[in-house]
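J.: Mind looking over this structure? Questions follow.
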Amino acid sequence: MHEQYQPLEIETQAQNYWKEHQSFLVRELPDKEKFYCLSMFPYPSGKLHMGHVRNYTIGDVISRYHRMQGRNVLQPMGWDAFGMPAENAAMKNNVAPAAWTYDNIAYMKSQLDSLGLAIDWSREVTTCKPDYYRWEQWLFTRLFEKGVIYRKNGTVNWDPVDQTVLANEQVIDGRGWRSGALIEKREIPMYYFKITAYAEELLESLDNLPGWPEQVKTMQRNWIGKSRGMEIGFPYDQASIGHAGQLKVFTTRPDTLMGATYVAVAAEHPLATQAAQNDPQLQAFIDECKRGGVAEADIATQEKKGMATSLFVEHPLTGDKLPVWVANYVLMNYGEGAVMAVPGHDERDFEFANKYGLPIRQVIAKVEGDNDFESSVWKEWYGAKDESVLTVNSGKYDNLGYQAAFDAIGADLEAKGLGQARTQFRLRDWGISRQRYWGCPIPIIHCEACGDVPVPADQLPVVLPEDVVPDGSGSPLAKMPEFYECNCPKCGQPAKRETDTMDTFVESSWYFARYACPQFEGGMLDRKAADYWLPVDQYIGGIEHAILHLLYARFFHKLMRDEGLVGSDEPFKNLLTQGMVVADTYYRTTANGGKDWFNPADVEVERDAKAKVVGARLKSDGQPVEIGGTEKMSKSKNNGVDPQSMIDQYGADTCRLFMMFASPPDMSLEWSDAGVEGANRFLRRVWRLAHAHVSAGLPGALDVATLSDAQKQVRRAIHLAIRQASQDVGQHHKFNTAIAAVMTLMNVLEKAPNQDAQDRALIQEGLETVVLLLAPITPHICHVLWGQLGHAEAVIDARWPSVDESALVQDTLQLVVQVNGKLRGHIDVAASASREDVEAAARANENVLRFTEGLSIRKVIVVPGKLVNIVAN
């Protein structure tokens, strides 16, 4: 055993052992309790960043802990390999996305290996490989035949630079999230997953996920957005519109129907199109609306604009004529693309009506308090729907509360055939068509005679050609006759293959299930293996995936269940959302007002007495730089730390220990070079103590029955650490406090005597405990030390230590003694001492006597096991 801790040598030794013994290869063992631990798989961007390192280290610590509990643990890894960045890199470097992707995977896999992760690499999946996506295509054809996937024209966000459709979430402030181009609205045929058919179940079954953070469940509930209301028909005014019909609107507030003063329709609505035929100004406004974003977030923040048409509809209860307006805040894909406007009781309508001078009618009044209604100032109570308000100015519906008005107006509308109660969801169907090359081909053939024909199972997969270098102008597949020319599977006539590819969220919606049986060729999943491993027991990933990825994965799990592929309802039992990794930022302001960011490694900082950074200079020129505060590590702020350089300098165990110690996993982690140094120092201390102990020869067995009082205290410290770490790692994922408990134990062991055989046997137990408690966190050093401490089996096969409760029992207790509430001494008493004995010992304490001399003792308060307070005057 080397005298010095040499991480690179140790880590190579441990990793070679795991490889040779296939230590992390697992199979289904029906008689053994399973534990499936999964971290969200990475996009193969080229290099791991610290966010990855944190994510995968957390997963690895949890996996290794459960293995030490005797469970059959699966921890797989794969690559979310389709997507736009590969196309961008391909254009930049003039290389096929496939080649770029596979090179990145090879490098990142070696990086993951160097971290010492307990991954079963035999289950690796790569989503851009045909043996993976063929089953996605197979499921697509099944769902298309069942009507769960359908094709329709959709209004989409068109990015004119990337020449592709963007999801609402990819449009930020009306611009494309990658290109920054102003987004246009376009109508194109697209394929949709009918996720709305599962909206109710997706909402309800959130209640069956107690292991998920409440915040994530709330975000999903809001995204699904269930609301109860009515669909109301406003009959067309035939004089202005020219024919009969109804404008249908959905509202959650039919109780305010008597306050409707106009209706607003989306730019794409048929009435808008009709009104614009002879109105160039209106047509220009409609074109402007179509260029705006279609994301709800954009619509909420953008300026509300509208234009009157020459058309009218009739109020369904009064018959009054209401003008039809075109407004940029009405979405064609929400309900029927029309809303009734009640400016008196809806803040958005109120602003709009004031802006364009439209009538505002009060139909709800506050029962008490400030109940003045002013049409120029919005007050919170205008929008209330509780017992604080009643209807007014509503004819026969006056003096009713929200529910009573809802029911009365609803009944009359139903009787006239102009309304029905409905539940609506905010959730929209999931459009998955992408006009991109590097994605999974949609398995549909377009035939003039037969329509859209799914590719038969025996002709799957539809393989994406991998040697294409995109040029950035639209989809390359649409320019490749060798890809799209084919014959119709139904009639045999010449036909055309679909050239759109699927949204890459599709691949990540079912990968967790394929890990159960990645080599299975008889279907999408091997039901037996899937039912053994699923659901995932612990899923780990960033909070930024709270809505889309996690919702789509839950949806897909239910689709697979309904196809008979899995037996469970939900994919992830427990969810841990890890915090970001943040670091200091430094910059100089450039001549044009921009910022030049400098990496912390290139900056020298000056600290005050409290170690706070008070100044910073660039190492290269010695000139000052501005301090920008701590921010998430990113390329744009140039504050990332390369994990590889850290591993090369200190070893993976130091990196892992720092990551787990610096903060609880769900909080942000602030990068600190001093913290990394500290983690490394601690591992050197562990090594030093073990080396000194092993060099003196391993001791015999510990005889617990003959321990001295001092030795009992050392053994108590050992078992306190086990108890603390077991709670922190096993129950709460508080790895930082578990590590703190081990550090406390190390302090005790370093000071413990090692004179006789019992002393040395006690240090042996202490070091074994340190190694076992650290084994999930710093596996390499623990692998080597476990062998040095005399164990033939590997530490990964050792059991997590259990607490010996008898070691925690104290024969004597040290109590605090106070006089009139002030600390005046300590006493040692037998743990079994009576109250009288404790009081007598306190009164007899030398220091206490000094402070009670000449005073009469009024009373003595004894808090068992803690303190004695003598009240004297």
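Cβ atoms are placed via backbone N, Cα and C, with glycine included.
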J.: In Swiss-Prot, which of 42-52, 273-283, 493-503 is labelled motif ''HIGH' region'?
T.: 42-52
J.: Need the matching range: Swiss-Prot marks motif ''KMSKS' region' on one of 27-31, 347-351, 392-396, 632-636, and I'd like to know which.
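T.: Of the candidate stretches, Swiss-Prot labels 632-636 as motif ''KMSKS' region'.
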J.: Looking at the motif ''HIGH' region' (42-52) alone, can you tell me the average pLDDT?
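T.: Within the motif ''HIGH' region' (42-52), the model's average pLDDT equals 92.
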J.: Run through the Cβ atoms and count how many others sit within 10 Å of the one on Lys635 (ATP binding site).
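T.: So the number of other Cβ atoms within 10 Å of Lys635 (ATP binding site) is 9.
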J.: Where DSSP helix means H, G or I and strand means E or B, what are the helix, strand and coil counts for the motif ''KMSKS' region' (632-636)?
T.: 0 helix, 1 strand, 4 coil
J.: Counting each residue once, how many in the motif ''HIGH' region' (42-52) are helix, strand and coil under DSSP?
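T.: Across the motif ''HIGH' region' (42-52), DSSP assigns the residues as follows: 3 helix, 0 strand, 8 coil.
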